[in-house]
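Structure provided below as structure tokens; questions to follow.
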Amino acid sequence: MSKEIVVPFGPQHPVLPEPLHLDLVVEDEKVKEAIPGVGYIHRGLETLVQKREYPEYVYIAERICGICSFIHGMTYCQGIETMMNVEVPERAEFLRVIWSEYSRMHSHLLWLGLFADGMGFENLFMDAWRLREHVLDDMEATTGGRVIQGSAKVGGVRRDISSEKLDEMVTGLEGIRGELKDMMDVFLFDSSVKSRLRNIGMLSPEDAYELGAVGPTLRGSNVASDVRMNGYAAYDRLHFEPVVEDGCDCYARCAVRAKELFASIDLIKEAVQKIPDGPIEVKVTGKPEGEYFSRAEQPRGEVIHYVKGNGTRNLARHRVRTPTMANIPPLVKMLQGCELADVPVITLTIDPCIGCLER
Amino acid sequence: MVYFKMAKTAIKSLIHGPSTIRYPAEPAKQYPTSRGHVTIDPSKCISCGMCMRKCPADAICVRRDEKLWEIDLFKCHVCNCCVEVCPVHCLTMETEYRPAFAEHEGVQVVKITYVKPEKKAVKKPAEDKSEE
């Protein structure tokens, strides 16, 4: 006779490098219900707007997450710039796109590595992280930081990239593309990987939409939604099409991230071709007043920075809605009815980032 | 055939040397833009306290009366903000990362040796007249 038991999963778990806790109600190795528990690394970063002036808060906004740090900083800056009617120079917008796409590549390669590790494919894990090093090297050479770039600024960007370095980056990316193709043969066509991912963690397009999934979780369920289509920064001047897969399973979400790597390389190449000369920042004076919802596409999905100014150097309110927050309800849905052994793989496919989630 | 595709990767891995650096025999990669650690030139610092006010981590403390510049290395997250705002450019960002150190070495205190240059004495018009 079967009996219901509750299996605690996390917050410290060997396959999940994030402090996410799930109470799994299990019956005969089948998960009947998953109850998420968060709150292990809350840092109170949003409250710091009352202590830090709005130009210095960019550093705090960047430190919300260690993976998509540049995009967090950029999204915050976009909010302030719109509130204060600051027109960012065109070159700065292109540089923002380049660094955003580098961040995406870095995040996706990191995730692919962790995902391979979660499946038990150690060699593939090392291969993905080896390629990620090239991306990190380019980021450090251009911004000075491997994971925390510190290049976003209200009114533009802090650093410029010389045209020689841009050409060198494009050449390096072509090398990465060749190696990525070899790696993707294993990720997308290997039978052991397919058997581990196909028809697992199903999320129908209707459920994904209704539960508010974002990013690759949504696009893996055949919904073409991407904030980059709105044309923030310089995306409106580049050819961009979202990567969509119709599998609605773990394999589809993995494939979206894998194919987005190639899309990012194409975007960076196009941005380098089209980048204009000129200044990289404008001087911002005054104090922000008003409110704005700033949106951007992170590697994990849509991020929203809500900023509200009250006419002083400190903001009145700063609120962040991160993609992991939006992907938790779809995760709970995916986990219902799955095998206990598939829980780590399914949880990893939403690319949980608890640092972002709790701030 | 998938196996042949994987074999290509496997053979490449066998022929290719190690991807990791043989640290510390081989030094870690550094770039001119790398943010390693903050250093101060005490002979230039005018103790204006701008770096202290702008530091997002509250890592810097300038004691103007005692002419001391203090940095808590455990708090400093090497953001380059202090270097950017310094009006006399006495702060610089070195590209080398700091080695590991014990807790008691975390706070670094530097004695500011800046001497304010004396202004040239301006002769008063009345004195000039008397001299004449």
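Each position is counted from 1, following the chain as shown.
Even glycines carry a Cβ here, placed using N, Cα and C.
The Mg(2+) binding site annotation in TrEMBL covers A:Glu46, A:Val320. The annotation Ni(2+) binding site is assigned in TrEMBL to A:Cys65, A:Cys68, A:Cys353. The Fe cation binding site annotation in TrEMBL covers A:Cys68, A:Cys356. Under the heading domain 'NADH-quinone oxidoreductase subunit D', TrEMBL lists A:120-283, A:287-359.
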Around the recorded Ni(2+) site, report the further residues of that chain (criterion: Cβ within 8 Å of the mean position of the Cβ atoms of A:Cys65, A:Cys68, A:Cys353; site residues excluded), sequence-ordered.
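So the extra residues in range turn out to be A:Ile64, A:Gly66, A:Ile67, A:Ser69, A:His72, A:Ser107, A:Gln298, A:Pro299, A:Arg300, A:Thr322, A:Thr324, A:Gly355, A:Cys356.
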Cα-Cα, whole number of Å: A:Cys65 (Ni(2+) binding site) versus A:Val320 (Mg(2+) binding site)?
12
Across all chains shown, how many C-beta atoms besides its own are within 10 angstroms of the C-beta of A:Cys65 (Ni(2+) binding site)?
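Its Cβ has 28 other Cβ atoms within 10 Å.
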By the DSSP assignment reduced to helix, strand and coil, which category contains A:Cys65 (Ni(2+) binding site)?
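In the DSSP reduction, A:Cys65 (Ni(2+) binding site) maps to coil.
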When you tally the Cβ atoms that lie within 10 Å of each candidate's Cβ, which of the binding-site residues (A:Glu46, A:Cys68, A:Val320, A:Cys353, A:Cys356) has the highest tally?
A:Cys68
Say you check the Cα of A:Val320 (Mg(2+) binding site) against those of the binding-site residues A:Cys68, A:Cys353, A:Cys356; which is nearest?
A:Cys356
Using C-alpha atoms only, work out the spacing between A:Cys353 (Ni(2+) binding site) and A:Glu46 (Mg(2+) binding site) and round it to an integer in Å.
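The Cα atom of A:Cys353 (Ni(2+) binding site) is 17 Å away from the Cα atom of A:Glu46 (Mg(2+) binding site).
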Find the average pLDDT over the domain 'NADH-quinone oxidoreductase subunit D' (A:120-283) in the predicted model and report it.
88
Quick one: Cα separation, A:Glu46 (Mg(2+) binding site) versus A:Cys356 (Fe cation binding site), in Å?
12
Taking the Cα atoms as reference points, how far is A:Cys68 (Ni(2+) binding site) from A:Cys356 (Fe cation binding site) in Å?
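For A:Cys68 (Ni(2+) binding site) versus A:Cys356 (Fe cation binding site), the Cα atoms are 9 Å apart.
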If H, G and I count as helix, E and B as strand, and all else as coil, what does DSSP give for A:Cys353 (Ni(2+) binding site)?
coil
